[in-house]
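Chemist: Here it is, the structure, as structure tokens.
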Amino acid sequence: QCQLGGLWRNEQDSLMEISAVRDNGDFQGKYLTRVTLTGGCAHASPLIGAQQQPGEGGWPTFAFSVRWDKFSNATTAFAGQCFVDKGGKETLTTTWLLREAVASLEEEWKATR
């Protein structure tokens, strides 16, 4: 079974630390991104999420959001699934949407990446 709790690293060298997943699937942690909208240094930001336990033979799905604390006026929502290969390596796959604040409704078109 795939365990979300722990330290994860992505292909951009960002780190995500998830505290223990509660029995109901809720979890929280920190995301230390190496990629920023401003091109600045890495910053740790809080994350909160939930894991859906899989049915028989499945792998757990999950979702979490990150509030980019102190360096950006943006929030990112991630949705994904955890897999374990035959060698026992755990991998998270995700899709994400980043929402950046804009000054007006007319600029709304450029707010989501």
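One-based numbering along the chain as shown.
The backbone N, Cα and C atoms fix where each Cβ goes, and this holds for glycine too.
Note: TrEMBL annotation is automatic and uncurated.
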Chemist: In TrEMBL, Cys2 sits in a disulfide bond; tell me which of Cys41, Cys82 is on the other end.
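Modeler: If we follow TrEMBL, the cysteine bonded to Cys2 turns out to be Cys82.
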Chemist: Return the single residue from the disulfide-bonded residues list (Cys2, Cys82) that has the minimum number of other CB atoms within 10 Å.
Modeler: Cys2
